[in-house]
Structures are given as C-alpha cells and as structure tokens.
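Summarising the annotation, Swiss-Prot assigns disulfide bond to Cys235-Cys237, Cys268-Cys271.
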Amino acid sequence: MDYLVKALAYDGKVRAYAANTTDTINEAQRRHHTWPTASAAIGRTMTATVMMGAMLKGENKLTVKIEGGGPIGAIIADGNAKGQVRGYVSNPQVHFDLNEHGKLDVRRAVGTSGTLSVVKDIGLKDHFTGQTEIVSGEIGDDFTYYLVSSEQVPSSVGVGVLVNPDNSILAAGGFIIQLLPGTEDAVIERLEKRLSTIEPISKLIEKGMTPEEILEEVLGEKPQILETVPVEFSCNCSKERFANGIISLGKAEIDDMIEQDGQAEAQCHFCNETYVFTKEELEELREEITR
C-alpha cells in the first residue's frame, strides 16, 4: 500500500516528507497507457504533487502544471491534504532511449524552456498561484527551484520512477527535505553531503525501503514521524458532473448531439474514464433546461 510520512529532524529545524507511490503511478500508467519516459515524467510530477499536498490542511488542494516545450506536452497533476492525487500528460506515448546516465530521458520529453506553475485552493476567494521557470526538465530539480524561489523555503526534492519491460511501474516515490529558519550551518553541510551521495530514490524503493527508512537514509538520523497518510490515485469525476457540463452547452447543442450521433461520449482527462449518454438521457438533460 502506498503512503507518505511527514516528519521533523534535527531538533525540529528540518521538515521532511517521503512517499512510496508505486501502486499510484502504476494506476496512472494503466489508465493512460503511458510509455516509459512519459510514465517517469508523470510519475515524478504526481509524486512531488502528493507530497506538496501533504503540506496543506483539511479540504485544501493544489494543481501543478508543467509545460517545458518538449514532445510530451503539458503534465497536469492534482493533489490534496488527504494523499489523493491524479494526473495526466498531453502525449502519453512518448519514449526515448536512456540518457548518458542510463536513466529514462525525462528532460528530453519534458523540455527545458517553459514553466512550472502551482495553483493552491486554500478555501479563500482567490487562489494562491506561483510560477517558476523550468530549470532542468528532470522534474525534481524543477520542484526544488519552485519551492526555493516561489515559496522561499530552502528545499531539496528527490523523485524517481523505475519502469518494468512490460511498461508497468517497478518502483516510484520521492522525498522533500526543507530547512526551517535557524538551521545551523553544520546541519546544512551534513544534509548537503548526504544528498550528494545517496542512491537514486527509485533504487531505494526498489530495494524495499519504507518512506521512514528513506528519510533516515537521507537525513542521517532517525526522524520524528508526525503523521502517516495513505496515498492513492483518486479522481472525483462523475457522470453527474459531465451531465451538468452538457446542460451548460445549451439546448441547441444537445439537439445536435441527438440528431447527429444519437448519443454523447465524455472522457475525463485525469482518469480516462468514459461516460456515455444515451439519446434518452440527452433528451432528459434537454428537458431540464426547458423546465
């Protein structure tokens, strides 16, 4: 079962998150039929998004959009404080040979000229929006840059995905380490040293390490676990929502659907679920407009 942990370390001066998202990203791959490089891109993005969601409270939620100008197009992910995340990519069938480091070439797929934007719905009239430039296209570095530049929190983000030969997901997960005000230089140096020498996060998960063990490996000390949150691919789309969307198109548009196709199909971008509206159902929706 996928889950994430929130923790503190170094006498409360370091805030940390770690997640195993293997099943969640596997579900995204199954729904969107992504090829390996696209799976790595969407998997890294969804993993970072669900950890950023853990920084929120209650019913608050966020949307991340990455547009780097590469062949994959846009990557969109939604997350919330409950460990629920969903996501999709404009062009799921994108794959390249491994890069010079023997890893999936996410940078080539994502591109390096564009933006990472975050919109947070924290229950106020206006949403919080932050945007930074893509700095590497590798996703983890781009989230690090966003947190440092837009939210002014010194951070390190590590996210990774390993893909099986049959395109299913072997391992996926990540961590976010954040320095709180007043962190001593010695602690910062120690963390920088550890971050530069640890194995890729996806390898740690493949080895069977838990989020708690990953944080201990990254931090160099046993953290104080504050909360454990289950993580899952979750989409809140429904036939009722799409029905309301069809009603909003107006009577003439619904008449066209009935006359030309005798039915209507609506597909959710986020989960690929398809909803079919029969002629009778469309007529009922049309009736609702004229009531």
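Indices start at 1 and increase along the chain as displayed.
Every residue, even glycine, has its Cβ placed from backbone N, Cα and C.
Cys271 (disulfide bond) sits 6 Å from Cys235 (disulfide bond), counting Cα to Cα. The Cβ neighbour count for Cys235 (disulfide bond), using a 10 Å radius over every protein chain in view, is 19. Cys235 (disulfide bond) sits 9 Å from Cys268 (disulfide bond), taking the Cα positions as reference. Same-chain residues at least 6 positions away in sequence with a Cβ under 8 Å from that of Cys268 (disulfide bond) are, in sequence order, Cys235, Cys237, Phe242, Thr274, Tyr275.
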